[in-house]
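Colleague: Have a look at this one before I ask anything.
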Amino acid sequence: MHIKRLMKGNDKMAVKEFKAESKRLLDLMINSIYTNKEIFLRELISNASDAIDKSYYRSLVDENVTFNKEDFYIRIVADKENRTLTIFDTGIGMTKDELENNLGTIAKSGSFAFKNENELKDGVDIIGQFGVGFYSAFMVSDVVTVKSRAIDSNEAYKWESKGAEGYDIELCDKETVGTEIILKIKENTEDEKYDEFLDEYKLRSLVKKYSDFIKYPIKMLVKKSKLKEGSENEYEDYFEDETLNSMVPIWRKNKNELKPEDYDQFYMDKHFGFEKPLKVIHANVEGMVSYNTILFVPARAPYDFYTKQFEKGLELYSNGVLIMEKCADLLPDYFSFVQGLVDSADLSLNISRELLQNDRQLKLIAKKIKDKIKSELLLMLKNDSEKYNEFYKNFGRQLKYGVYSDYGMNKGELEDLIMFYSSTEKKLVSLDEYVSRMKEDQKFIYYATGDSIEKIEKLPQTELIKDKGFEILYFTDDIDEFAIKMLMKYKEKEFKSVSSKDLGFEADEKESQKETEENKYLFDFMKEALTGKVKEVRASKRLKTHPVCLANDGEVSIEMEKVLNMMPDNQNIKADKILEINTNHQMFNAIKKAFEEDKDKIKMYSNLLYNQALLIEGLPIEDPVQFANDVCYLIK
Ligand code: ADP
Ligand code: MG
């Protein structure tokens, strides 16, 4: 509709129209490309920075042009009274033609063309490429005015537009080379408070958030107050020029120039955490895809780390301009505790910059980052075990969870990073250390599960293995045994629970079978008395001094039964339990005697022994009152 009314050749029309497709695009743009209105400032500042870069480039290739760093800056001026916000730069400026071509045609990027025409040398990283960023100004303004004077020109031009209707160009006055973008900020509506874009504090924080690492100073006159001269309590306002951005991103600085305190300070400035990070990784990577990254391993897990609320991700920058605050795709879940940022010029961004055009480069970066984190953690494990322990205390669970989740897809990545408490070393050890210490005749990596190290230490099931001088890993976390079942083996060595039916000692197993056979009637009778509770009663070889314990057969262990039954939707899964009796224990003689004299007593004894075994495992007794009465009966 508009398009026809504004057809070219209509003499009454003073206003020049946007190219037809541009008008539809502009509507689309203003209303749907960006989800966040505040990014208009980032876009205009990026353009200003590009314009200064172009001047700098001219100075490199043209002897007649000099570049004095002090002369190049960006200035923001907010005028609340007139509701105008001005972004002023001392960059290369635009000629009349350029105003027309670059601002009159949507999706035409003068910067992109510039980049292609000049094979840019290092140090010039032009940000613009889509030719739409400028129009984001219309999200917050009714009128946009651009005054510009190009570098080789004596005249300046004014471009003005109210949006989709078209634009106007005329000669104007402008003393210096560069560009001024003047936005007439919209009136507030019920949903939007446009006023805030005239507010000093808001502008300052927007610059910090999106444009902190633009390499030219972004200046603003800010209101300050001081004591009136000669007065002790009267204050007066005054204005002072301030540079709002820090300009040089720390990650572009040379690593040798940076001290640990610099990283710590940056970490806190970014609000990544309240205390110094445990580990800093700073890498400048060149290759298939180039990027700079600073990664932090926090000293402590954030309070919400192990909850659903926790959001993982790294900040993503393109040429120093913030694109995404939490890019989740840059981190695998098992390293979700890592914080930091990535800056790359190689990303092909979606038109709004809020998304990436294709994630091939991102995937490549993510993979390299993952590898880097892993290798740094391995180094820490090897060279600074104290620090690694500190790390592991906070995030070990996440690593073990990573081994288990996604059907063990990432177990190979993580198996070298996980640790468990060792029965012989009395500290956390890696699987690699364990395997390197394995005895010649040791087939398995043994582990025992329980609520705490103290409790596992006393488990009857560990007796035989300790007796043989083998090391046992203690599993105290819910996730441990699940992770290990997923891992299955480490360096070809299978894991074996100290409670599993067959511990892999042939001689002992034969002995147990022989004794079980010898006492067949007794054990069958006991099994009968414990119907539905145990699958088998047999002579134990794993017990040395203790009278009784539970062993288990099959995939589900007793510890897993406990964990699974604590889940909200538990299916009452049961481990197959075996009651093992120490036939060398005094108690066994009494049982044998009772079996000949009083079979009823055997029923009670069976239940007593079974209940004791349950208590040792930390499992509840089905009928504690009966248990108490039985014990009293014996005392009597
Ligand atoms: P992009 O930055 O992606 O190229 P924009 O819509 O932001 O697209 O800007 C369009 C073009 O207008 C730029 O490529 C540049 O040629 C020109 N331009 C915009 N702002 C300025 C400025 N402050 N100084 C000089 N040229 C500018
Ligand atoms: Mg731009």
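These residue numbers are counts, starting from 1, taken along the chain as shown.
The backbone N, Cα and C atoms fix where each Cβ goes, and this holds for glycine too.
In case it helps, TrEMBL gives these features for our protein:
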- 1-353: region 'A' (REGION)
- GLU43, ASN47, ASP89, MET94, ASN102, 108-110, 129-134, THR179, ARG353: ATP binding site (BINDING)
- 563-636: region 'C' (REGION)
Colleague: Taking ligand 2 as the reference, state which of the binding-site residues ASP89, ASN102, SER109, GLY131, GLY133, THR179 have a Cβ closer than 6 Å to one of its atoms.
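Modeller: By the Cβ criterion, which requires under 6 Å to ligand 2, the hits are GLY133.
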Colleague: Over the region 'A' (1-353), work out the mean pLDDT and round it to an integer.
Modeller: 87
Colleague: Can you name the residues of this chain that are 6 or more positions from ASN102 (ATP binding site) yet have a C-beta less than 8 Å from its C-beta?
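Modeller: When sequence neighbours closer than 6 are ignored, ASN102 (ATP binding site) has MET94, LYS108, SER109, GLY110, GLY131, PHE134 within Cβ distance under 8 Å.
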Colleague: Out of these binding-site residues, GLY131, GLY133, which one has the fewest other C-beta atoms within 10 Å of its own C-beta?
Modeller: GLY131
Colleague: Which residue, out of the binding-site residues SER109, GLN129, THR179, shows the minimum number of other Cβ atoms inside 10 Å of its Cβ in this structure?
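Modeller: Taking SER109, GLN129, THR179 as the binding-site residues, the minimal 10 Å Cβ count falls on GLN129.
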Colleague: Near GLU43 (ATP binding site), how many other Cβ atoms are within 10 Å of its Cβ?
Modeller: 25
Colleague: Looking only at the region 'C' (563-636), what are its DSSP counts of helix, strand and coil residues?
Modeller: 47 helix, 6 strand, 21 coil
Colleague: What does DSSP assign GLU43 (ATP binding site), in three states?
Modeller: helix
Colleague: According to DSSP, which kind of secondary structure is GLY131 (ATP binding site) found in, if we only use helix, strand and coil?
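Modeller: The three-state answer is coil.
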